[in-house]
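Structure, as structure tokens:
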Amino acid sequence: MEGRTGEEPAWFNEPCILGIDEAGRGPVLGPMVYGCAFCALSQKARIAGMEFADSKTLTEEKRETLFEALKEDTSIGWAADVIHAKDLSSQMLRSEKKSLNAISHDSAMGLIRGALDKGVNLVEVYVDTVGDPEKYEQRLSEKFPGVRMTVRKKADSLFPIVSAASIVAKVTRDRALRAWVFEERGVEYGRQFGSGYPADPETKTWLAANVDPVFGFPSLVRFSWGTCKPLVAKLCVDVQWENDDEDESESTSARKNRRYESAAPGRHSYFKSRQLQQVTTHL
Amino acid sequence: MQGDILERRVLITYDQKENAGTTTGGEALHLRHPKTAVPSLYLLIREKLQEVHWFKQQLASWFIGESVSEDGSLYLSSPVDPLFIALPLLEQARMKKGDSPGMFRGLEEMLEVEGFPGYQKLFDVFEKTLDMVCEVREAGDTKYYRLDDFKALAWLCCKVEQASAALKMKGGKAFHGLSDDELRTYSIGLLSEYLPAATWMKRLSDHYGVDLDAAKKARVLLPVQPLPCAPPPPPPAKTVPVAKGRASSLAKKGPQPGDRKITSFFARPR
């Protein structure tokens with residue numbers, strides 16, 4: 001989690017508000033970022049005058065400027081939780097699957113917990129919803145009793161502190177994507193991946209061009225996205241699993257014979273049981 | 001990997017501990033398998049002969065560096081006593097007829113096996129060890145060998161004892177519950193991998209009084225009568241005219257691997 005570090009300012013003890021928003025939930029590649037911004041309740045009016053708006057309605061340049069201003073401002077705190085594509089893929093595809101909503105909720109709660117742990121006296125929290133706003137609000141209230149939770153659709157355009165959080169999230173994601181260093185060695189990947197949204201033709205072209213028949217996509221890509229499945233099915237080699245066609249009635253020895261290509265029928269049991277075949281030659 | 005013409009294979013070989021961290025090449029030899037006579041692959045690495053085994057799971061590939069090798073085979077080579085490889089050659093070379101012990105032959109001559117030039121690479125290896133199972137005569141610079149049934153059987157008995165001891169010590173759980181006799185029966189079976197069935201395998205199991213086929217059919221390891229591990233009594237002296245010379249040549253050369261055990265057979269009360 002990124003955020004300001006150092007000496008905690010005195011206003012942390014005043015009644016404070018905190019906003020949470022996300023960036024990069026939809027794209028098939030790059031991290032999903034949860035951002036939060038917080039300030040003293042008394043600063044609410046000043047924040048409203050700082051031109052923060054839903055980050056999507058601003059130019060990239062404007063967002064960068066606003067983020068720098070926010071970082072300079074000693075009466076505003078912020079933090080960002082960067083969830084990399086690899087983590088999203090593994091959490092969503094593992095045998096005990098975790099939904100994207102659950103991952104989002106956990107990230108948001110982590111940000112609130114983080115602020116409280118830093119000693120911020122939170123009284124009001126505003127969250128852009130994921131899923132049903134009422135249920136989400138109820139969950140958050142149960143989790144953080146004593147903090148007034150407000151969960152709304154489009155909270156980023158309703159509450160300036162959520163707009164500030166959306167700047168944190170969006171700029172952090174854009175920077176992460178720009179600075180992305182592919183960890184896959186020995187392969188050259190182009191960076192023309194477009195916006196990363198599944199519908200973007202540039203993204204589609206890039207995905208199809210950068211899939212390895214065995215390893216699939218580079219770890220920048222969220223394998224768990226519906227966009228990936230048909231590409232993997234079409235462009236990657238088939239994977240066979242040992243128990244794919246498990247037949248209950250099959251005898252143990254028949255199964256063993258099927259699973260091993262090396263066989264040592266004429267050899268001593270020491271070799272036979274280890275499936276160690278003598279290497280013969282043809283001259 | 002693109003542009004890689006050679007297909008890659010994974011081979012794990014044996015090397016001595018003191019060579020850790022160093023690399024060496026090796027030679028692939030095509031030799032007749034001592035039991036089946038089927039042309040088989042052997043490796044000669046640092047003067048050590050190794051046999052090659054192949055292990056392959058149906059669904060397997062290797063990750064090698066940054067790429068994938070589709071063939072998931074594992075080749076595994078392990079040292080094999082070159083005397084096993086020599087035994088069929090020696091048996092044939094002495095041209096034994098009836099009760100005559102056969103002829104002495106030069107090593108170079110014996111290693112000329114049509115279609116198997118690999119045997120000639122084993123000249124040095126054989127020269128160091130053939131006296132363990134052969135009667136040796138020297139004429140000028142050349143040594144002549146004749147397989148000696150008595151020495152060969154003693155050598156095989158050592159193998160049985162060593163294999164049993166090794167299985168007991170390092171064989172793992174599977175061998176923990178076995179008695180010494182059962183281990184010995186198992187070891188004789190293991191040696192059958194390397195011996196021609198009609199000749200040396202029969203001589204060895206007869207000596208121990210083990211019927212391996214019966215043991216296999218019954219799916220149990222038959223207890224063997226505890227026999228002293230000794231070769232049959234030496235035949236009358238006249239058929240072994242060089243017996244005295246042999247003993248002195250052993251003494252001159254100093255201890256050879258396995259020699260100590262052979263002499264201990266004679267010391268054991270029968």
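Cβ from N, Cα, C; glycine included.
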Matching residue for the divalent metal cation site, where TrEMBL names A:ASP21, A:GLU22 - out of A:ASP128, A:ASP132, A:ASP174, A:ASP200: A:ASP128
Arithmetic mean of per-residue pLDDT over the domain 'RNase H type-2' (A:15-237): 92
Sparsest-packed among the binding-site residues, when each Cβ's other Cβ atoms within 10 Å are tallied, from A:ASP21, A:GLU22, A:ASP128: A:GLU22
Residues within 8 Å of the A:ASP21, A:GLU22, A:ASP128 Cβ centre (excluding the divalent metal cation site residues themselves): A:ILE20, A:ALA23, A:TYR34, A:GLY35, A:VAL127, A:VAL130, A:ALA155, A:ASP156, A:VAL162, A:ALA165, A:SER166, A:ALA169
